[in-house]
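> Got these off TrEMBL a minute ago, pasting:
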type	residues	note
TRANSMEM	24-46	transmembrane segment
TRANSMEM	58-75	transmembrane segment
TRANSMEM	82-101	transmembrane segment
TRANSMEM	107-125	transmembrane segment
TRANSMEM	146-166	transmembrane segment
TRANSMEM	178-198	transmembrane segment
TRANSMEM	236-260	transmembrane segment
TRANSMEM	266-286	transmembrane segment
TRANSMEM	298-319	transmembrane segment
TRANSMEM	339-357	transmembrane segment
TRANSMEM	412-432	transmembrane segment
Amino acid sequence: MSLNLAAVKVGGVRYNSPWTQVTILGFVTFCSVGMFSAVSGLGAGGTQNTTLSDTANGVLYGVFAIAGLFAGSINNVLGPRLTLSIGTMGYSIYIGGLWAYQVHGTQWFLILSGAILGLTAAMLWSAQGSIMMSYPLEKDKGRSFTLFWAIFQLGTIVGSSIALGIEAHSELPGVSTGVYLAFIIIMITSIFTSWLLLPPHSVIRGDGTVVELEDAISPRQEMKELWALCKDWRMIALFPMFFSSNYFYAYQGAIVTYLFNGRTRALVALLEGVGQVLGSILIGQLTDNLPFSRRKRALASAGFVIFFNCVVWAAGLGFQVQFKRDDVDVRGVAVPWDWTVGVAVGPIILLMAYYMADATYQGLAYYTMSSLTNEPFKLARMAGYYKGVQSAGAAVSFGMDAVKTAYLGEHLASWLMLLVSLPLCVVVLWGVRDTNYDVEHVTKVEDISTAAVGSVALPAGHVVGEHVHEDNKSVNENVTAV
């Protein structure tokens, strides 16, 4: 007899609640994307070959950009669990490519693995976006991002800690193969943990509404809806924000590789993860807890993100003008630096601040999309579109870095994009409704039969089918929450 996870309830915690599902989603990405982010935070994928790393990343994000446009539709046809499981598979393959390069110098496999990861990552992030943005109640969407992002970035922190533990006593410029093996083992577990998620029809919000009765949509209908999304003026206005949202990673990864040795890069990656967690907490509190209407909270949050990012990038400019790509020393000390060098402290803190600002930027992007609709299918398409456009920007930035563009030029290009895109985001937020519940259909458990959702745990005070068959109310009492 199989265990029905949708009916599991321990105390006041339901397995089929949005919070539990977002938590599981966070741990899936903890073991996959989080480990990948830890490797990325090492600079050049932990190698010293920045050109090869840029090429592999350029291919990765180029494929991601194309696949991302259709990944939301794939999610809507296959369902989020299968889409997410397939999406996790490419990460271990990519780290295997880095391992093969370190051991055998095999460049072609690393580039191929980048292409594979681009395809699978698009699927993962479309499923992730749909779950994280559509499952929670409107009042909880900012904190849903915080919960997911913090768990996901804990993967970066743990992965970086593993790398730091292995590399702490190493003076080598690159990262050892043992680091890659540890990451591969952890990443493989995410393929299986993704199946712990429930289908949308089994997830019940705290107000008794069902996330979505349909688990999938027909391919023909999906293509029509995807075309409609691409023509939406709000998606066009958000294009610059999406394009620039990962653009700066190539620049930041390049200066980490240039400035620090292997073990210090592991420390930097760990602190970058800490910065991401802090930034996600900050933006989640602003978007959900400010004492204003949703529209005013969104606008106030956007104002903060603009201010905070300008402060951090201005500080970064002050540091960047002190060195160029071909300099053999920075601030009078030869590079690469070790963390024991006094001049390294300030730049390490700056890099942590960069990633804290990044989390506020990503959080605002997700909150903007989730404010436009509550429908899972629409949000899956938006998430795919977002990640596709985001990856196109990343592909351009890694290509820019691969041809040895001046660091100052990369910095200014990244900052300028942020300055252009954020006001356009404000334009979209200006038209956000205080709620979408009055314009979009919602289904309460009281309005459907038990056959539609199966045997599920319910929030207190709700009964499946109560309004469908009043005379059968006693039959339904067995699924009433206590």
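Cβ atoms here come from the backbone N, Cα and C positions, even for glycine.
Automated prediction, rather than curation, is the source of TrEMBL annotations.
Can you walk me through where each of these features ends up in the structure?
Remote same-chain residues near the transmembrane segment (82-101) are listed as 25, 28, 31-33, 35-36, 39, 45-47, 49, 52, 56, 60, 71, 74-75, 107, 109-114, 116-128, 177, 180-181, 183-184, 187-188, 190-192, 194-195, 197 (criterion: CB distance under 8 Å, separation of at least six residues from the stretch ends).
If you look at the transmembrane segment (236-260), the same-chain residues 6 or more away from its ends with a CB under 8 A from one of its CBs are 40-44, 48, 50, 53-54, 57, 61, 268, 320, 325, 330, 335-339, 344, 347, 351, 354, 358, 361-362, 365, 368-369, 385-386, 389-394, 396-398, 400-401, 407, 410-411, 413-414, 417-418, 420-422, 424-425, 427-428.
Long-range contacts of the transmembrane segment (266-286) within the same chain, counting only residues at least 6 positions beyond its ends with a Cβ under 8 Å from a Cβ of the stretch, are 34, 37-38, 40-43, 142-147, 149-150, 153-157, 159-161, 163-164, 167-168, 175, 256, 260, 297, 300-301, 304-305, 339, 348, 351-360, 363-364, 367.
Residues 234, 237-238, 240-241, 243-244, 247-248, 251, 294-295, 298-299, 302-303, 305-306, 309-310, 313, 316-317, 361, 364-365, 368, 371-372, 393, 397, 400 of the same chain, all 6+ positions outside the transmembrane segment (412-432), place their C-beta atoms under 8 angstroms from a C-beta of that stretch.
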> Take the transmembrane segment (146-166) and find every residue of the same chain, 6 or more past its ends, with a Cβ under 8 Å from one of its Cβ atoms.
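Answer is 19, 22-23, 25-27, 29-35, 37-39, 41-42, 46, 128, 132, 175-176, 178-179, 182-183, 186, 263, 266-267, 269-270, 272-274, 276-277, 280-281, 283-285, 359, 362-363.
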> Of the listed stretches 107-125, 178-198, 339-357, which one has the most C-beta pairs under 8 A with the transmembrane segment (58-75)?
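Ranking 107-125, 178-198, 339-357 by Cβ pairs under 8 Å to the transmembrane segment (58-75) puts 107-125 first.
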> Apart from its near flanks, which chain residues at least 6 from the ends of the transmembrane segment (178-198) lie with a Cβ under 8 angstroms of it?
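Apart from its flanks, the transmembrane segment (178-198) reaches 5-6, 15-16, 21, 24-25, 27-32, 35-36, 38-39, 46, 80-81, 84-85, 87-89, 91-92, 95-96, 98-99, 102, 131, 159, 162-163, 166-167.
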> Which sequence-distant residues neighbour the transmembrane segment (107-125)? Criterion: at least 6 residues beyond either end, Cβ under 8 Å.
29, 32-33, 52, 55-65, 67-68, 70-71, 74-75, 83-84, 86-91, 93-94, 96-98, 100-101, 383-384, 387-388, 391
